[in-house]
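*Asks:* The following block contains the structure, expressed as structure tokens.
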Amino acid sequence: MNPIALLLLAFAMSTDAFAAAIGKGAILKKPRLTEAFRIGIIFGSIEAITPLVGWLIGKSAASYVEAWDHWIAFSLLTVLGLHMIYEGTRPDGGSEEHKAQKMSLLRTCLTAFSTSIDAMAVGVSLAFINVNIWIASALIGLATTLMVTIGIMLGRAIGSVMGHRAEIFGGLTLIAVGAWILYGQL
């Protein structure tokens with residue numbers, strides 16, 4: 001696979017993480033660039049690891065994973081999205097302590113993993129072509145880090161306009177990303 005094709009693949013793999021990051025950025029209260037970059041690194045790291053895992057699986061059991069990957073991603077993103085919508089419709093918007101937990105490491109990692117399942121499937125397919133999986137994974141991780149950082153900051157602008165409804169927007173965004181992944185595989 002040539003370098004241009006690898007770059008296109010890397011940015012294609014980052015699009016669903018970018019969409020989720022816009023939703024995440026909308027619910028954060030004025031995230032700083034350093035916070036957006038930290039979240040980008042988490043997403044990028046997970047997005048870089050999943051093609052490696054997929055590549056290893058592709059060497060052994062590709063048909064089992066490919067049959068279910070889109071359903072897993074859709075389910076995880078829908079559950080996370082519904083929870084965000086629920087939180088956004090609470091009359092008090094939740095306590096300040098609860099708001100601080102919305103971007104907890106666990107929740108961030110779950111969202112990142114949910115949006116990276118397609119990268120795992122790509123890793124499975126990369127097992128069958130001549131590609132340096134280490135370079136491909138690194139490029140996917142770097143592209144995702146960049147796109148998520150941009151998405152968080154773009155979401156910040158959306159969140160300041162939408163106020164407490166930003167969480168509903170974020171939840172709907174996650175559900176839409178999950179539906180997009182599911183639709184693309186059916």
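Quick reminder: no glycine exception, Cβ is built from N, Cα and C everywhere.
Pulled from Swiss-Prot, these are the listed features:
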TRANSMEM  3-23  transmembrane segment
TRANSMEM  39-59  transmembrane segment
TRANSMEM  65-85  transmembrane segment
TRANSMEM  109-129  transmembrane segment
TRANSMEM  133-153  transmembrane segment
TRANSMEM  166-186  transmembrane segment
*Asks:* Let me spell it out: take the transmembrane segment (109-129), skip the flanking residues so only those 6+ beyond its ends count, and list any with a Cβ under 8 Å from a Cβ in it.
*Replies:* 1, 9, 13, 16-17, 20, 24, 42-43, 46-47, 49-59, 62, 65-66, 69-70, 72-73, 76-77, 80, 136-137, 140, 144, 174, 177-178, 181
*Asks:* Which stretch from 3-23, 65-85, 133-153, 166-186 shares the most C-beta pairs under 8 Å with the transmembrane segment (39-59)?
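*Replies:* Comparing 3-23, 65-85, 133-153, 166-186: 133-153 has the most Cβ pairs near the transmembrane segment (39-59).
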*Asks:* Top stretch among 3-23, 133-153, 166-186 for CB pairs under 8 A with the transmembrane segment (65-85)?
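*Replies:* Against the transmembrane segment (65-85), the leading stretch is 166-186.
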*Asks:* Below 8 angstroms Cβ to Cβ, which residues of this chain, lying six or more residues outside the transmembrane segment (133-153), approach it?
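*Replies:* Residues 1, 6-7, 9-11, 13-15, 17-22, 24-25, 28, 31, 33, 35-37, 39-41, 43-45, 47-49, 51-52, 55, 116, 119, 122-123, 126-127 contact the transmembrane segment (133-153) from elsewhere in the chain.
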